[in-house]
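The structure appears right after this line, and notes come after that.
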Amino acid sequence: MINITLPDDSIKSFKEYPKGMDVARGISEGFARNCVAMEIDGQLLDLDVEIRNDCAVRLITTRDAEAVEILRHSAAHVMAEAVQNLHADAKLTIGPVVEDGFYYDIDMAPISDADFPKIEAEMAKIVKAKKPFQRSEITKQEALELFKDNPYKVELINGLDDQTISIYQQGDFVDLCRGPHIPHTGMIKGLKLMKTSGAYWRADQEKAQLQRLYGTAFFDKKELKAYLHLIEEAKKRDHRKIGTRMGLFSFHQEAAGMPFFHAKGMEMWNELLAYWRDEHRAAGYVETKTPVMMSRHLWEKSGHWENYRENMYTSVVDGEEYAIKPMNCPGGMLLYKTESHSYRDLPLRAGEIGLVHRHELSGALSGLFRVRAFHQDDAHIFMTPEQIESEILGVLELVERIYSRFGLGFHLELSTRPKKSIGSDEQWAEATNGLKNALDKYGQPYAINEGDGAFYGPKIDIHIKDALGRTWQCGTVQLDMALPERFDLTYKGADNEKHRPIMIHRVIYGSIERFFGILVEHFAGKFPLWLAPVQAVVLPINDDLADHAQTVKKELESNGIRCDVDLRTESLKKKIREAQVNYVPLIITIGEKEKESGTLSVRTLDGKVRMGLSMADFIPPVLAHIRARQLDEDIL
């Protein structure tokens, strides 16, 4: 008799070895139809796996978070089969699940969007056939024989230590895979190819160039339709298009992956940094600055040279090898060591807006979201073990204040100790409990990612949610047990002995360039008044009023309002329309009447028009709105 314990503590008993699907059917046929896989002892398995011992089983249904990833993994196999059916000489490499979908790298002749309908039609046939996904385990030698005509699979197999290799079959199609998979192809209701791009085998430019084919999949066609609508909305908000139209930033081949910020973009940039500095000063941080380029010896000491060398830019100065910093942390360690510290000095909170460079393959670059040079708002907090909880709580409260200023919600994830880590069990327990207790006190729900922490300490990842409901991982709070050890950081305790400080490494904006791009898309270019690159524009109705318009502009600027004047010979209607398209919050029209009375006619983006406003009526509420960094459009 095999006894299966379900999550509600109920027990299902079977005379013979049951499969996962048998357990599901034991609940109900309707429930079984929605089951995708099962979890036993933390491992996800196919539903046709036999259960040979008493155990606890969690059945994964289409409603569970893991289900979509399993579905998309299976969809990648469907896409691969379709491509092979149409292109017999295509050689498959790898096909992982990625955010919002999946891709498969394939050695084949170049394809384009024009080929998608044919491939999608073939995929639809495979889905309609409801082909079961069948797992088999074969020897390494058998696997090499099976895939002997595919050098990429042979290389993958030779790189495996396992002597038993798992493969999956749907009909006549066979692929190398660990699984698990959905029961059959018919469970894929919404399936769509998204785009194609080039890629290199093993991400090595010296190796074969492949075709990377992206797709997405859902359990429901309505979900696919909603997702495609979201994609279209995102295209309208593309920060690259809006940034170009509004004159915020640009990219040039002479510095690939390194953005150029224009005057209007710098107005926004400076506002972001001014706000960051105001909040950090109020929270007890000091601001520091470390060099952009430092000696190889420093990077060897920090561990970056060993683990991150291929992403670093280097140079030789006076016969010594230097590296442009990919991260700010090691410089922060040197700053801490320049002075002796007592427990009375702690916590010490030091922030830096540091310019870092990381080499990215040209194919991976994507606007402001993926660049080679960017600024990171790092801060390092040095503390005693007793201060962990209160400092983490302080960081979370600071995160909430900053993100809320932009109308960004967020959720939290706690990542715990991975298999490979440094530090003792006691250190990890103390660090993890400190994070957990702070999260519990903070009171917002959080997920736990077991084993997903950094090797040097547990962390909290902060995922913001934008206006389209998309999530972005920007902020992170990490407890670092490696760098204080590597740099021999100490403080004198109450016992007059030397102790190792606990260090938090945290970012809130993350890459400021990336955060800038997120804000462009979040607001779709319609920024709140305090952040808008141009806060007001003066439009004279004819050329005779140009001098007066300039006088108005200068007075507004002298009061701290960012203002332009449009002196073109276009119609007033066209100039108003262009100002609205560029989301200028305050559109001021000047006619003879306004000149004579010394007043303004002001139009706001919510469609309201205020006539006959004196400077005394206009400037104070505008400045109050700016200084309060308000989000709403109710300015006057």
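Note that Cβ sites are derived from N, Cα and C of the backbone, with glycine treated the same way.
Small disclaimer: the values here were computed from a predicted structure and weren't measured.
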Among Cys329, Cys474 - the residue Swiss-Prot places in the same Zn(2+) site as His380, His505: Cys329
Secondary structure composition of the domain 'TGS' (1-61) [DSSP: H/G/I, E/B, coil]: 13 helix, 25 strand, 23 coil
His505 (Zn(2+) binding site): secondary structure state under DSSP, collapsed to three categories: strand
Other same-chain residues whose Cβ falls within 8 Å of the Cβ centroid of Cys329, His380, His505, the recorded Zn(2+) site, in sequence order: Asn328, Gly332, Met333, Asp378, Ala379, Gln478, Asp480, Leu483, Met503, Ile504, Arg506
Same chain, 6+ residues apart, C-beta under 8 Å of the C-beta of Cys329 (Zn(2+) binding site), given in sequence order: Ser302, Asp378, His380, Asp480, Leu483, His505
Lowest local Cβ density among His380, His505, which the record lists as binding-site residues, within 10 Å: His505
DSSP three-state assignment (helix, strand or coil) for His380 (Zn(2+) binding site): strand
